[in-house]
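Per Swiss-Prot, the features are as follows:
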type    : residues : note
BINDING : 3-17     : FAD binding site
Amino acid sequence: MKVIVLGSGVIGVTAAWYLAEAGHEVIVLDRQPGPALETSYANAGQVSPGYASPWAAPGIPLKAIKWMLRRHAPLFIKPDGTWQQLRWMWQLLQNCTGTRYEQNKARMVRLAEYSRDCLDQLRADTGIEYEGRQRGTLQLFRTREQLDAALRDIEVLRFAHVPFELLPPSLLTKAEPALEHVKHKLTGGLWLPRDETGDCRLFTVRLADMAAARGVQFRYGQEISHLAIESGNVNGVVVSGVRVQADAYVVALAAYSVDVLKGVLDLPVYPVKGYSITVPIIDEALAPVSTVLDETYKTAVTRFDNRIRVGGMAELVGFDRRLSPRREGTLKLIVHDLFPGAADLSQTSFWTGLRPMTPDGPPIIGATPIPNLYLNTGHGTLGWTMACGSGKLLADIISGKKTDIQHDDLGIGRYAK
């Protein structure tokens, strides 16, 4: 079967890889001149299945107000009066119950754990290198309240058989030796030893090269306009004024999926703006060995080979991609606070990207009411974590194979209930 994949970020490229592996003829279309040049370009770099959690959680509305009042606020909302933003926030509020939080988190952990297994297998099969490390993730708490909140999530980890350790301040160096000098600032940490890190863009570029060697066609610089719908099916995608046709179509355009599907499907995905800095390491002994999550600032500090990436923040500002010097200052403060002397903060590469967020948390993967149209979008901050599992799952669905994990609760149909 001939399949067109719209989008060459980590989600689109992994889908293309697994579709080609399943024997399909695959064409990837993207407006950028190469792969992973938007949302996947400089994300936080963590592959953290155990920390897969929905934003919509009990108490979040009140916490959001408190966060926005902080000097280094992890959250900023700019109401724009659009129906899309208002509806998305209302749907998120409806998911802020204990029952829905547990349900959504379980769905996310299921997919994320599966995805990590798929990544492990892909690495074993191909030998792909992307500055990856298998050294776990450590979530740091600065208050007792944060620690107590994490204890409530542990039951989900137990249910999903995810190994973890709760570490007091004195044992944080078991996971991250460089925290020796700052552990007095912390109340403890939650360590997930099976989590991983890696450069998402490097992974995507190299996997795209491998996919091309398998026959996948990558057509860059293509302005994707809209889907041509005829007799209830997609009969082509209009690209740079030309209709390109296939048997099946996959939309993996992150937050921009909404525009392409306008008038075709009502997609509850909203762009949430995040930031990152990447800095060179000047003292390895003072640098992290893997990923550290700072619960206070809602950021991740991740180690690559010779670089540190600090990523996080959340802004609901539509498709505004302007860089904020204030956000850059906050990210620098975090890496200096936890790992002083580890990096050269005068050599900062500053970036912003738009994460495609669903109001309930899990991504939207699978079939749609249109028989030959499929979705692979809405992964939010967890695109890198969930990419391989999402791609493999989607390829199995399109191929009509029995899937390795339950997926009926990950589709677009869940919003019609």
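Along the chain as shown, the residues are counted starting at 1.
Cβ coordinates come from backbone N, Cα and C, glycine included.
A coil conformation is recorded for G9 (FAD binding site) in the three-state DSSP classification, outside any helix or strand. Each of the binding-site residues V3, V5, I11, V13, A15 was scored by the number of other CB atoms within 10 A of its CB, and the lowest score belongs to V3. Sequence-distant contacts of G9 (FAD binding site), defined by Cβ-Cβ distance under 8 angstroms and a gap of at least six in the same chain, are P35, A36, E38, T39, S40, T204, A252, A254, G383.
The Cβ neighbour count for W17 (FAD binding site), using a 10 Å radius and every protein chain shown, is 26.
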